[in-house]
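Trainee: Below is a structure I'd like to ask you about.
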Ligand SMILES: Nc1ncnc2c1ncn2[C@@H]1O[C@H](COP(=O)(O)OP(=O)(O)OP(=O)(O)O)[C@@H](O)[C@H]1O
């Protein structure tokens, strides 16, 4: 369908609105300047009237008659005297102007003593970095004047810098990352640790601006974000970093917050996501948040190497194909994801060659989430089986065309254990929790322009989409609703987002004995093409396509409606009822 252009007000409305707002502000400023005397006199008259009213109410009732008589006599005398009324009006205006003058004490010019000491000490600290012995007229010298070096500064209420502009000599090597890092490190130490600063280097003007960043909001709970299909909110950032805001609800309150939006799908330039962080910094929470958003438009497959059951709330939900914690389940699910990617590709290629639009069974996004893949390799090696991570290669390499998105999360120090495919194809990156500038630069491909701090709340970090800027990030609170430590409000927010349970979670209703449970195949009533995922020994599969080769042709599965079938296990009479671990959806390829 041909796309119709947006109405002008929507396509460039932002710029027009900003211009109109600027014009209105300028007009208001000019009007205020012109009308200033009138404003002052009006304010004075109001104050005089208030004083008169106060005087009248303070006067005892028995003396009000005398007061009234006095005022009437004065008015009469003024009326009879030549030019009396005119002189009275002039006197009244003068009194009003005097009373209406602005009485707020003027700001003291320049910094106070303690602020001057801070500026001088910072100046001295910068001397070794910004001076050369051969410079005949150094901007920085011991005992020199800081006034020339710091053209603008602001202090906060605690007396620490809130904003500072630093001039530096043209010979300072501001193009070198190490030289900049040294200055940024020094300024962070001298301006107060524990706060985040943004450094803006103006290489043309030889200026460095330092700004203290406000903390990102940590009180945003999971909710239905206003986004288009294919857009996922990773979290929230600084207003200067992005062009857009999202309307959010926070209890009764509504507010607009700037989001970091990640776009997936065939047009995405960063179709897969890698999340890294120290333990306990919120990587699983981010995956849960993304999963809840993905469920609105797609199907999900979750492999949890951590095995802490953090995705249990998703088991059996409409659109959740499988939540796997064990090695066997992970392998079979990911095998299926790889072959489904191939099937979609083949189907799409065939349709394109025949001049048909993309078939319907390739359009619904498929999401593959893998939390802690680094937990599997040694298990797989001990068992003589392949590392599940290797099965991500096809979805990662060909997923974009096939509408398959991969999200991987792991611990920061496991970066080396991630496969080449994961590292090459996850161009959307997030690092959560404390990280050194080097670690951030390694993962994100560029250092952030803000100082990382040591103490951060969970869900705080940095995000970078492809070659874009590095954003500060705060992930919305999306806790595990089954965790006892979760607050009621946050638990309810997550539960409200969960789709209904269409597949009973294994073990909820089907009591079977332990041996039988090993053979249990779960059930599903979907008509989407799916491959059976079982705990049976993995069947022999055709070779996976090599990195750059075309996907190996596989028999194209046709959609099959799979009725709820309890296989094998249900025939066994349960000796001891045991919950069965959640297993994947069953379906058949033909
Ligand atoms: N964005 C967030 N807002 C509020 N709390 C959060 C956020 N992210 C994580 N938390 C809290 O921090 C704790 C750890 O979160 P989570 O389990 O997601 O971290 P993790 O990095 O996956 O840890 P692990 O490595 O142990 O699996 C949880 O109690 C969680 O509720």
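Backbone N, Cα and C define each Cβ position, glycine as well.
Positions annotated as transmembrane segment by TrEMBL: 65-98. Annotation comment: TrEMBL describes 257-441 as domain 'FtsK'. According to TrEMBL, the ATP binding site annotation covers 277, 278, 279, 280, 281, 282, 283, 284. Here TrEMBL flags 499-590 as region 'Disordered'. What TrEMBL lists as compositional bias 'Basic and acidic residues' is 517-527. Positions annotated as compositional bias 'Low complexity' by TrEMBL: 550-590.
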Trainee: If the criterion is a C-beta within less than 6 angstroms of any ligand 1 atom, which of the binding-site residues 278, 281, 282 pass it? List them in sequence order.
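Mentor: Near the molecule: 281, 282.
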Trainee: Please list, in sequence order, every residue of the chain apart from 277, 278, 279, 280, 281, 282, 283, 284 whose Cβ lies within 8 Å of the Cβ centroid of the ATP site.
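Mentor: Filtered neighbour residues, in order: 411, 432, 433, 458.
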Trainee: Does anything in the same chain, at least 6 positions from residue 279 (ATP binding site), have a Cβ under 8 Å from its Cβ, and if so what?
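Mentor: Listed in sequence order, they are 411.
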Trainee: Averaged over the whole of the domain 'FtsK' (257-441), what is the pLDDT?
Mentor: 94
Trainee: Reduced to three states, what secondary structure does DSSP give residue 277 (ATP binding site)?
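Mentor: DSSP assigns residue 277 (ATP binding site) to strand.
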Trainee: Around residue 280 (ATP binding site), which residues of its chain at least 6 apart sit with Cβ under 8 Å of its Cβ?
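Mentor: Residue 280 (ATP binding site) has long-range Cβ partners 433, 458.
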Trainee: If you count other Cβ atoms within 10 Å of each one's Cβ, which of the binding-site residues 278, 281, 283, 284 has the most?
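Mentor: The most densely surrounded of these binding-site residues is 283.
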